[in-house]
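Student: To start, I am sharing the structure in question, which I have written as structure tokens.
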Number of protein chains: 2
Amino acid sequence: MKGRNAFYAQSGGVTAVINASACGVIETARKHPDKISKVYAGLNGIVGALTEELVDTSIETDADIAKLRYTPAGAFGSCRLKLADPQVDSRGFERLIDVFRAHDIGYFFYNGGGDSADTCFKVSQLSTLMGYPVQAIHVPKTIDNDLPLTDNCPGFGSVAKYVAVSTLEASFDVRAMSKTSTRIFVFEVMGRHAGWIAAAGGLAMDYGIPVVILFPEIEFNEEKFLARVDENVRRFGYCTVVVSEGCKYPNGEFIADQGARDVFGHAHLGGAAPILANMIRNKLGHPFHWAVANYLQRAARHLASAVDVQHAYELGCAAVNLALEGCNSVMPTIERVSDAPYQYRIGMADLKNVANVEKHMPMSFISDDGFGITEACRHYLLPLIQGEDYPPYGSNGLPQYITLKNELVPRKLPPFQIA
Amino acid sequence: MKGRNAFYAQSGGVTAVINASACGVIETARKHPDKISKVYAGLNGIVGALTEELVDTSIETDADIAKLRYTPAGAFGSCRLKLADPQVDSRGFERLIDVFRAHDIGYFFYNGGGDSADTCFKVSQLSTLMGYPVQAIHVPKTIDNDLPLTDNCPGFGSVAKYVAVSTLEASFDVRAMSKTSTRIFVFEVMGRHAGWIAAAGGLAMDYGIPVVILFPEIEFNEEKFLARVDENVRRFGYCTVVVSEGCKYPNGEFIADQGARDVFGHAHLGGAAPILANMIRNKLGHPFHWAVANYLQRAARHLASAVDVQHAYELGCAAVNLALEGCNSVMPTIERVSDAPYQYRIGMADLKNVANVEKHMPMSFISDDGFGITEACRHYLLPLIQGEDYPPYGSNGLPQYITLKNELVPRKLPPFQIA
């Protein structure tokens, strides 16, 4: 007996390990051909479901699917597209169900963050209402680490490792240069609403490095900031600043605001580092260098955390196993059992409790002065950056990342115009 | 019989592998106590020689010295200080010789780029004139890859690997996002005068990625640049731009000029990426992300090229061996024997032929359209990014980089004021 087909899509900003989840989904599905016939992937995420651009992953060899585990970014393409609220305009969800019906899709695996958890939840509800029940399972992913009910989100641990290592390395550089030239290194990292990623820079303090962190959770106070930087330069000869892109003035204005907007109308951030660096030079006179890692940090599969890769892979596998057990409208989660040694188990959350809930960084993770991390934060972060999971390198000296064939299944429906 | 002491100093911008050269110098010297008693290192480079702040490396264990091989940045501190021309003001060089004499220093190993090669050359000449002959050996180092008479400069290969891998990873990210959001990734890399580092971004084209490179060697032409970017977006859906910080308009103005100057009066560069990204959005309308790697690229020991590390280490060893053979005023070099398989031998150059000579990137390495690299360039670069030489990681998930004790030898001379 052949099973029904599954649909898998990647959503939102891609990460160093989202393809490890795809790998887990596809490999696990392949073990159960009686239950799951083929896994179709959305070309460019949910867009591919709407436009009926379904990638046939069954033509890929097991060896190539295994390579997804160490290939960064989204192998099938992702998208930033939030379907309209079905109570306002149900055409998008109806089209999804039409496509699922046309291609005998009984399982929907949606790999993303908060928005996609909400979409996944709605698919499970609406498909039942529409008389074509689909088991919808959300596979968590977001470097922002802001999904509730899971200890952490795949993608975050690898960014944290990248930021911690990069902060350490650049700080060693500044320290070496500080006698006659650079005394300040300002490193801008991602995190629009939460300081999870910036917090990882604090791990470099293990090496005695003076790090000043600027969190989005703490209103930026120029005077206090400059005083702290200057104190570090006087004491240590240099200072490293790790600034979250979402760091704001008390009036709510981003330090980094460039005036640009993304497709959701969010401010397009980037550029807090040069602004702070110039502020330090103008007010304190210290020579500086600055860096903005941007995509480098979330694409850095070459430095992925082994724990994070494992989480991503296991959650992909778990999603399929939950579906096979008959679950619907759920998300597999990471449940931390202990910090040291780090132990976890795979849990499960109802999507109705995940959708539209944002997990914030606890204020107890930020030190009293607002510029550092606490021991509680350190204990939380350390397990997530453990281990290295290096990709294989080829004769060209570069990682052997895979680009799949991404062949599409023939269309069965008339075209659809995305609103 | 105990030998005379050696003085080792790091100069200019530090790199991911300059400490591997230090490791080679110290380990090789330790094998010949009859010839070289102790290796003193300049605290903060040549500044430490002038101020008589000499680090006693002999108190460090063999195990800790071995860790230098995988520790980035300058373990003893570096500096940007060019001694005055002795024909104008000889006090600096005289002080050096005084300090060498006071501490029985018979060997001077200077680890740096073009300026330090010149200083090293002058030390060998003046010490003889002053009746205190010192064997001065230059150990090449510079990410700029601009020293003559050596196939490449330690530090460059690792930056090239970092830039190639980062370009590849970020491009996979943009490719995955390009359907509904980011279509342009602008990546700014170092290289004030030469495009060696930017050229490494071209290696990502192995993966079918559309990369547009902006070299300092090619006058920036906005119209041609935008046309090429737009063409890539139409053909591939996205485009990656790798821009050298030294990229200039035809009038000689840096794209990135921030108006700041470094201690030598050079323009303090950084910021070409956001300027280009905004130019693309304003003229072509494509959504963008950008990154400026800055120190991250030259400190990224976590991704060092194994070939580069080996070169750096061997050149440190070779410098000591040349000194023991009685050489003076020379620099050990890398002589390439063949590209594939890559074979090289350690050669030697006279410092009088190295000092004040800058090696440019051959124009034959840049494609006719000015935006890419040629096969000749690829053949040159590939051997230099071969192999990974990962540092060991600790229980904190971070590389176990060493910070040495850096204890100073007691002073014997009155203080000296650096001009």
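Counting starts with 1 at the first residue shown.
Backbone N, Cα and C define each Cβ position, glycine as well.
Caution: TrEMBL annotation is automatic and unverified by curators.
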Student: Figure out which of A:GLU94, A:GLU245, A:GLU253, A:GLU358 sits with A:THR142, A:ILE143, A:ASP144, A:MET190, A:GLY191, A:ARG192, A:TYR295, A:LEU296, A:GLN297, A:ARG298 in the substrate site per TrEMBL.
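Tutor: The candidate from A:GLU94, A:GLU245, A:GLU253, A:GLU358 that TrEMBL ties to substrate along with A:THR142, A:ILE143, A:ASP144, A:MET190, A:GLY191, A:ARG192, A:TYR295, A:LEU296, A:GLN297, A:ARG298 is A:GLU245.
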Student: If I take the alpha carbons of A:THR142 (substrate binding site) and A:GLY13 (diphosphate binding site), what is the distance between them in whole Å?
Tutor: 7
Student: Quick one: pull the CA-CA distance for A:LYS141 (site 'Important for catalytic activity') versus A:GLU245 (substrate binding site), whole Å only.
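Tutor: Counting only the Cα atoms, the answer is 20 Å.
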Student: Filter the binding-site residues A:GLY191, A:GLU245, A:LEU296 down to those whose C-alpha lies within 10 angstroms of the C-alpha of A:GLY13 (diphosphate binding site); answer none if the list is empty.
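Tutor: Hits: none.
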Student: Below 8 Å between Cβ atoms and chain B: which of A:GLY13, A:THR142, A:GLY191, A:LEU296, A:ARG298 make it? I'm asking about the binding-site residues.
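Tutor: In terms of proximity to chain B, the binding-site residues that count are A:GLY13, A:LEU296, A:ARG298, given in sequence order.
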Student: Taking each of A:ASP115, A:GLY191, A:GLU245, A:LEU296 in turn, which of these recorded positions have a Cα lying within 10 angstroms of the Cα of A:ASP144 (active site, proton acceptor)?
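Tutor: Within 10 Å of A:ASP144 (active site, proton acceptor): A:GLY191.
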Student: What's the longest C-alpha separation between any two of A:THR142, A:ILE143, A:ASP144, A:MET190, A:GLY191, A:ARG192, A:GLU245, A:TYR295, A:LEU296, A:GLN297, A:ARG298, the listed substrate-binding residues, in angstrom?
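Tutor: Greatest Cα-Cα span of the listed binding residues: 16 Å.
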Student: So for A:LYS141 (site 'Important for catalytic activity'), how many other CB atoms are inside 10 Å of its CB?
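Tutor: Cβ-Cβ neighbours of A:LYS141 (site 'Important for catalytic activity') within 10 Å number 32.
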Student: Taking 10 A as the limit, how many CB atoms besides its own sit near the CB of A:ARG298 (substrate binding site)?
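Tutor: For A:ARG298 (substrate binding site), the 10 Å Cβ neighbour count is 30.
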